[in-house]
Structures are given as structure tokens and as C-alpha cells.
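J.: Can you read through this structure? Questions will come right after.
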Amino acid sequence: MTRVALRPAINAAVETLRAAGVHSPQADAEHLAAHVLGVERTRLALTPLVAPDTLTEYRALVDRRAQRIPLQHLTGTAAMGDIDLAVGPGVFVPRPETELLFAWALAQLEALPHDHSPIVVDLCTGSGALALAIAHARPDADVHAVEIDAAALRWARRNADRCIADGDTPITLHADDVTDPNLLSELTGRVDLVVANPPYIPEDAKLDPEVADHDPHLALFGGADGLDVIRGMIPTITRLLRTGGATAIEHDDANGSDLAALLGKQGDFTDIVEHPDLAGKPRFVAAIRS
Ligand SMILES: C[S@@+](CC[C@H](N)C(=O)[O-])C[C@H]1O[C@@H](n2cnc3c(N)ncnc32)[C@H](O)[C@@H]1O
């Protein structure tokens, strides 16, 4: 069968995606091509010619991306740390900005005595992204993950099963509400690290179609100011952490100082620090249980 050139198809896809308002048309066009070919994006140049069927499949995916279906729903995966997570309809797609919170969390665990097996809790786990990436990086950790939404939990279970099959230490998934005063009562005062990427977008925010139409509503919105779930889970975090335990909570870029103030008002935290993301926007607040 005559093979056909891939690069002109990629260039055409970039234009299609740009015209559709996709924010990163070049990267997405290349990611989709790499996905169809089953290669790393950096190795696309090594496949200059492809079968016509491959191009047909590629163009169909580009058309769906032009309808603003998230790239990760089309490829079926999103990354966190050193793991890939299966994602799709019904679960929040993990975002690159959360990698900074993840890196901060690992640094906290590194600073603990090396003979100490840490207890870690991930509140609002979604696909299991933070919990599973931490368990992968720290096989000695006892990792618990909490999620209220049944559909998201199914994705988290699927990801957790795959991580176990790949040799990672199992995490414990809890179908529960992070604002429940009795949540994980057996861990009260024993937890070394609580991480959370909760729903934090203010209700009236205007969102891209990829987010508004495809991430679950429950994963996105945190009430009028975006802080409803965060306010509800601060008592949980305070109760779970041991003295000297650490927490990091991701937030809307408008809410960094409000969240820092909430933790300060609680009176049980020191070293409250606001951290920016790679774009320089306020993204998560970290604190230590006093
Ligand atoms: C922004 S997503 C984050 C998912 C994951 N942590 C990540 O970074 O990809 C927030 C998640 O919190 C869950 N959630 C919302 N309210 C919750 C609650 N009260 N208790 C537990 N989980 C909740 C949502 O279903 C959603 O999966």
C-alpha cells in the first residue's frame, strides 16, 4: 500500500484546531498524531510516512478535538509524576499545575526520618492522581484517598488496580465526604501529610468548553467564592494531621490569600506559605500543623 506523508496532515490539523479555538493547536495536533502512531511525540519525525488508514483515524480524532473534546479524553490518559492515569467522561482530568503540589508533597516526605513509613491522605482524589503518584514514588507510604463521586471512584479503582499490577504499593480508597467530621477517624492525629486538589472554581466563572462540558460539575465548583469545600475540609485536615504534619491545598488563583487567611484563622497551623504555579499564578497553600 502506498504510504502518505504525515507532516502535511499535522500542519492541516494545527490550522483546524486553531480555527476551533483550541489553546495549544500545535502541541495537541502532535500529541494526537503520536497517539495514533503509538510513539512518543518527540519521535514523530522518525515516522515521516504512514498508511492512509492511519491518516483517516488521525483526522477523525482531530475533528473530535476541534469539537473541544479534551485531548486527554481522546488519548485516554493524563500524567501525574511518573505515572499515567486512565481518564475519560465522569472524572476530572489531572492538570499539569498540580505537579507542583505533588513535588512539594514528595519533598515533605523526603524530609522525614528515613525509617519512618509516612501516612498520607489525598482528599478529593478524582482519578487517584496524587495518591497513586505518591504511592508510586514512596512505596513505604500508607496512602489513603477520599472521593465522594461514584463515577470518579470507578476511575480511581481502575487506576489503582493498574498501579498494583505494575508493582506499586496498594492505596486505600474511601468513598466518603471530605467535610464529614468523622472521616477516617482511625487516623486522627496520625497523618504526616494531607494533600488536596478540591473543587475550587467560583460558580460564576467562565470556562473553556473542554472544562465546562467535560469535567464533572462536582469536580469544578466550590460555591460562590470557590471556597465552600475547602472551608468544610479544613477541620478534617486539622484533626487528621499529627503535630508537625504538613498540608497543601490547591485553590483558584483568586483565592491564595483568602485560603492562607482561613488556615491562619484556624489557629492550628504555622509556616503558612502561598505557592505560585509555573505561570506565576497563586496555586496552592502549604502549612504545618502546630
Ligand atoms: C478538582 S477534582 C481533583 C481530582 C484530583 N485530586 C486531581 O488533582 O486530578 C476534585 C475532586 O473532588 C471530588 N469532590 C468534590 N466534593 C467532594 C467532597 N465533599 N468529598 C470528597 N470528594 C469530593 C470531586 O468529585 C472531584 O473528583
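Glycine is treated like the rest: Cβ placed from N, Cα and C.
Reproduced below are the annotations present in TrEMBL:
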{"type": "BINDING", "residues": "GLU147, ASN197", "note": "S-adenosyl-L-methionine binding site"}
{"type": "BINDING", "residues": "ASN197, PRO198, PRO199, TYR200", "note": "substrate binding site"}
{"type": "DOMAIN", "residues": "9-76", "note": "domain 'Release factor glutamine methyltransferase N-terminal'"}
{"type": "DOMAIN", "residues": "109-202", "note": "domain 'Methyltransferase small'"}
J.: PRO198 (substrate binding site) to GLU147 (S-adenosyl-L-methionine binding site): how many Å between their Cα atoms?
T.: 10
J.: Can you break down the domain 'Release factor glutamine methyltransferase N-terminal' (9-76) into helix, strand and coil residue counts using DSSP?
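T.: Its residues divide into 50 helix, 2 strand, 16 coil.
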J.: Using the Cβ center of ASN197, PRO198, PRO199, TYR200 as the substrate site position, which other residues in that chain lie within 8 Å, going by their Cβ?
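T.: Those within range, site residues removed, are CYS124, ALA196, ILE201, ALA219, GLY222, VAL229, ILE230, GLU250, HIS251.
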J.: Tell me, how many other CB atoms lie within 10 A of the CB of ASN197 (S-adenosyl-L-methionine binding site), whichever protein chain they belong to?
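T.: Counting Cβ neighbours of ASN197 (S-adenosyl-L-methionine binding site) within 10 Å gives 26.
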J.: Including all protein chains displayed, how many Cβ atoms other than that of GLU147 (S-adenosyl-L-methionine binding site) lie within 10 Å of its Cβ?
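T.: Result for GLU147 (S-adenosyl-L-methionine binding site): 29 other Cβ atoms within 10 Å.
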J.: Within 10 Å of the Cβ of PRO199 (substrate binding site), how many other Cβ atoms can be counted across all chains shown?
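T.: The answer is 21 other Cβ atoms.
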J.: Whole-number Å only: compute the distance from the Cα of TYR200 (substrate binding site) to the Cα of GLU147 (S-adenosyl-L-methionine binding site).
T.: 15
J.: What average pLDDT is reported by the model for the domain 'Methyltransferase small' (109-202)?
T.: 98
J.: Let me know how many other Cβ atoms fall within 10 Å of the Cβ of TYR200 (substrate binding site).
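T.: Taking every protein chain into account, the count is 26.
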J.: Tell me whether GLU147 (S-adenosyl-L-methionine binding site) sits in a helix, a strand or coil according to DSSP.
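T.: In three-state terms, GLU147 (S-adenosyl-L-methionine binding site) counts as strand.
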